[in-house]
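Trainee: Before anything else, here's the structure in question.
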Protein chains: 6
Amino acid sequence: MTQLTHLDDKGAARMVDVGGKQPTARAAIASGRIRMSQVALVAIRDGSGPKGDVLAAARIAGIMAAKQTGSLIPLCHPLALDAVTVDFTFEDDGLRVTARASLTGKTGVEMEAMTATSIALLTIYDMAKAIDKGMVIDAIRLIEKTGGKSGTWRAE
Amino acid sequence: MTQLTHLDDKGAARMVDVGGKQPTARAAIASGRIRMSQVALVAIRDGSGPKGDVLAAARIAGIMAAKQTGSLIPLCHPLALDAVTVDFTFEDDGLRVTARASLTGKTGVEMEAMTATSIALLTIYDMAKAIDKGMVIDAIRLIEKTGGKSGTWRAE
Amino acid sequence: MTQLTHLDDKGAARMVDVGGKQPTARAAIASGRIRMSQVALVAIRDGSGPKGDVLAAARIAGIMAAKQTGSLIPLCHPLALDAVTVDFTFEDDGLRVTARASLTGKTGVEMEAMTATSIALLTIYDMAKAIDKGMVIDAIRLIEKTGGKSGTWRAE
Amino acid sequence: MTQLTHLDDKGAARMVDVGGKQPTARAAIASGRIRMSQVALVAIRDGSGPKGDVLAAARIAGIMAAKQTGSLIPLCHPLALDAVTVDFTFEDDGLRVTARASLTGKTGVEMEAMTATSIALLTIYDMAKAIDKGMVIDAIRLIEKTGGKSGTWRAE
Amino acid sequence: MTQLTHLDDKGAARMVDVGGKQPTARAAIASGRIRMSQVALVAIRDGSGPKGDVLAAARIAGIMAAKQTGSLIPLCHPLALDAVTVDFTFEDDGLRVTARASLTGKTGVEMEAMTATSIALLTIYDMAKAIDKGMVIDAIRLIEKTGGKSGTWRAE
Amino acid sequence: MTQLTHLDDKGAARMVDVGGKQPTARAAIASGRIRMSQVALVAIRDGSGPKGDVLAAARIAGIMAAKQTGSLIPLCHPLALDAVTVDFTFEDDGLRVTARASLTGKTGVEMEAMTATSIALLTIYDMAKAIDKGMVIDAIRLIEKTGGKSGTWRAE
């Protein structure tokens, strides 16, 4: 029978016990997009050139949020991350954010990569919302995870 | 010329100065979706019945995250929220999260509603990812904002 | 019918909406006790004299926790506290902690006083637990609240 | 001579140095109670049935607080918890909260279990205080600790 | 007799009670310097050009820290800041950071400006310490405060 | 060519990847000073005697800040500290703060010692600023680091 690992046999929420697991090298990559008007897109691109801080702010916000994942997501373990990166790609109708987290530990870092992606996207929304309130964040998903007992997983 | 309000005239990031604004009643509604396999959807529905805590956990996470918005999004003001609600609707292929935030203050609560939505969705992802790692979060957007100088805005 | 204010009519948790309330002066006093062995009690008393930091650490922890109440208790509003004090009284078999919080705002500060009391007591436990693991924290209660629409309340 | 481990030989507060210790499996169980009127108790029980979130909110608050112990209690080490659970038992005149924390590490998790217990109790107080401000939190204590150099300890 | 406002008449730490004060417009400017080798200075300057994030990261860190002042400095009030800016000036032997904070409130924002300055400087140290561990942070001081009952103050 | 380790080859900020490093015993000592008027210095000294909490508050603030370093400094790793101490020395025209941090881990604790020092100094400023707003914080620097691949470093 299918069972949610974060519920005990009475349905109560719990942190999954990772006490018996061995630390191994693990990594996860997540990505997501924010779609926006051309006016907003141009403003962000201009605000990210030599003098601008837009993407720099979103990157820092994403990296800092990855480190707060255990405080934000109720049943996540607090993790000693080895590394976090957040990158941006301009697309025709918006921006793509890709985040990668890694650690040597007993549980995976999928949520850290997903959280970094989400907060970086929200930061972009915040900085451009005076121009375009209709921006839409979508396609936040796990792209790949490696390491751990279940091994490598890749989005189809 | 279009300008990002969060950048000064040299392109440096800053908090927008709300010092001259008068406090008024403001509210914002945001929503987003998480699409998943039927197996995961059934597990969450079962885990949200009499004995289950899944949506309760996601709701609490969203409400608590709304209160942390000023710590997560670099240029957001810390706000004294009057109220936050987070609601869930089951759809054919997933779940919809709708969050509403309100305050009497000098700046809007769009980011609080967007952040509550995002973290509630991430919490659902976290609790169901052992069943379905391919879940996709999308359509996070502002639905409506009211109050403030710019008045009411609604997504088309 | 009796209803919990923190649940909506479907039973879902929510922050109580204080948007329609007027800011007024409010205060709350809470207290609690920690009972311990004479050995532990003497050590704390000695560690609180000219050279010792025990009660100073517990006081600071309680004051800082009062400011974090909105982050710790899921449905509490983030509040702009006017003042917090934490005081200690030695008793025959332990210590009493009394905390007072106040603000000019739209909702009461009972939880801030209760949280300051609890964390100050836990800090004392932490600092003396190497001597006496059997210490018991009890009698944490609201002593008095003043201000707001419901006016003054005192514990019997 | 008895000495508090959290004070140095001049009486100054410090974190106990755990640098020379080996990581071992450790666990701690704590519990506490909240006594209340029958009206409040019935409301919580009703608010914890199929549609209600009361105990779910308290459980999440307790688990999340356990992860914040190192930020709340001044001299506690930040710990990479393996697991945390928070459970509730209805009693004639109130509720009992029992929390268990575990990790593989260099110092014990007593404070994490005590903190989870305290914050879960405060959350219940918060959610029912509109009905009964006279509720009393008591009997917060360590029930058992296992692991580490000092081995197993159980409350008498 | 001179008395520290953060101590009561028994010498115990407390938050100063601002309950009787009226909210007024207040601002504070602080600055500080970090001195470093030419090699480090050139690397930061290069890392702050079109492709670089050094000063952007320090600016974001300073702004976010200003919002955390009430959590970091034990007796500071949590404040609803209207605005924070952090600016940088290259000097011959290092960098100068200047931070400005403002609010409409019952207490001043000197500590917010001082904290933003300090954390921005520490972030620069962190990012350049692989090149030069001997960097020295100095001259952190309040430059000016305006507003409030005591009015304008300027450093000589 | 000199390169900042916290920037990738495109100049984007990142956390340095410590995944391939082995945990070793590491420690760091930092110090800093606050210069003030004799009136302020006497008040602090008096406020730090048998009844006073000034230095106790600053010490606790510094220790707690060391544990928050990974949340404050954007590219710092979250670290499981083994120990932190903060000490004070009265000088003719002010106070010196010295902080020591240590852990067994994959990266150094220089920033933890520097952050503890800075926040302890800011806390002293906060508590004495009603007497002397012209206090100056300076000479914050790393004194010594030990452990890790690069071995021991001492300030000249």
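From the backbone N, Cα and C atoms, a Cβ is placed for every residue, glycine too.
The following feature annotations were taken from TrEMBL:
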- D:15-148: domain 'Molybdopterin cofactor biosynthesis C (MoaC)' (DOMAIN)
- D:Leu75, D:Cys76, D:His77, D:Met111, D:Glu112: substrate binding site (BINDING)
- D:Asp126: active site (ACT_SITE)
Trainee: Looking only at D:Glu112, D:Asp126, the recorded positions on record, which one has the least crowded Cβ, with the fewest other Cβ atoms within 10 Å?
Mentor: D:Asp126
Trainee: Using DSSP, tally how many residues of the domain 'Molybdopterin cofactor biosynthesis C (MoaC)' (D:15-148) sit in helix, strand and coil.
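Mentor: Taking each residue of the domain 'Molybdopterin cofactor biosynthesis C (MoaC)' (D:15-148) in turn, the totals are 46 helix, 44 strand, 44 coil.
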Trainee: Spatially speaking, which of the binding-site residues D:Leu75, D:Cys76, D:His77, D:Met111 is closest to D:Asp126 (active site)? Use C-alpha to C-alpha, please.
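Mentor: Smallest Cα separation from D:Asp126 (active site) among D:Leu75, D:Cys76, D:His77, D:Met111: D:Met111.
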Trainee: Report, as a single number, how many Cβ atoms besides its own are within 10 Å of the Cβ of D:Leu75 (substrate binding site).
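Mentor: Excluding its own Cβ, D:Leu75 (substrate binding site) sees 24 Cβ atoms within 10 Å.
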Trainee: Using Cβ-Cβ distances, find the residues under 8 Å from D:His77 (substrate binding site) that belong to the same chain and are at least 6 apart in sequence, listing them in sequence order.
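Mentor: Within the chain, D:His77 (substrate binding site) has Cβ neighbours under 8 Å at D:Met15, D:Val18, D:Gly70, D:Lys106, D:Thr107.
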Trainee: Less than 8 Å, Cβ to Cβ, versus chain F; work out which of the recorded positions D:Met111, D:Glu112, D:Asp126 satisfy that and list them by sequence.
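Mentor: So none of them sit by chain F.
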Trainee: Can you tell me how many other Cβ atoms are located within 10 Å of the Cβ belonging to D:Cys76 (substrate binding site)?
Mentor: 26
Trainee: Once the chains shown are all counted, how many other Cβ atoms turn up within 10 Å of the Cβ of D:Met111 (substrate binding site)?
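Mentor: Within a 10 Å radius of the Cβ of D:Met111 (substrate binding site) lie 27 other Cβ atoms.
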